[in-house]
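Report on the following structure.
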Amino acid sequence: MAKQARAVQTWRSIVDAAASVFDDYGYERAAISEILRRAKVTKGALYFHFASKEAIAQAIMDEQTSTVEFEQEGSPLQSLVDGGQQFAFALRHNSMARAGTRLSIEGVFLGGPHPWGDWIDATARMLELGQERGEVFPQIDPMVSAKIIVASFTGIQLVSEADSGRADLRGQVAEMWRHILPSIAHPGVIAHIKPEGRVDLAAQAREKAEREEQEARIAAEAKGAGSDAATDSGSRSGGSGLRGGGSGRGPRAGGAGDEGDEEPAGAGVAAGGVVA
């Protein structure tokens, strides 16, 4: 259990550090050495979890698509507005959201699925739900409108970044909705939509930070419990720490590929177990 908690904590450290590096430098200029420095992990630990820089970037992209969740209950259009405002807030305060957006704009994954596809599909589904519930005009094409909405948001956040470091992004997103809503929704519905969003995003962010802090504390406690158990076991066996070939290092819990290795599995070790 302690080893598993450590692995999760290491994975999290690598992804968070990589997000800040990609946010600062973009994909091409991001260096593995800088990710290692910010994550405070070894090269072996990084390659235990990720085969390449692209794999790390993909993990960030996957996290970005989970940043916003659209509520299925209530007004589909208000849920779309709230989701957009939630992501605008994340772009201001969350390096993971900024890194994922920058990677998408840079077109890092041109060989795979388009990075905007999940956003467009999710938006189209909410517009379809809006049609079913009588909020959205029946004659509009949800997919076409979804592409316009996602493209508009993308352009607005780029301009906001250049103008104010995204300080005015939420206000600009509200203006975007004031322009788009009349073309897709009934006037009676628009009167009840709040373009600024209806969620206290600051309170929501505080709650999320508290949850993450609690999870990190639990993981650290589990790691400490595992270390205590290992110490007790070593004391009962004589405490020499010399096993196998008597190297003084002892076998790693996960074998040659354990995340604590200084290099990827097998690197630096010659035949017979002698360090090269």
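Every residue, even glycine, has its Cβ placed from backbone N, Cα and C.
Feature DNA-binding region, per Swiss-Prot, maps to range 31-50 of the set 11-30, 31-50. Remark: secondary structure over the DNA-binding region (31-50) totals 15 helix, 0 strand, 5 coil, with classes taken from DSSP. In the predicted structure, the domain 'HTH tetR-type' (8-68) carries a mean pLDDT of 92.
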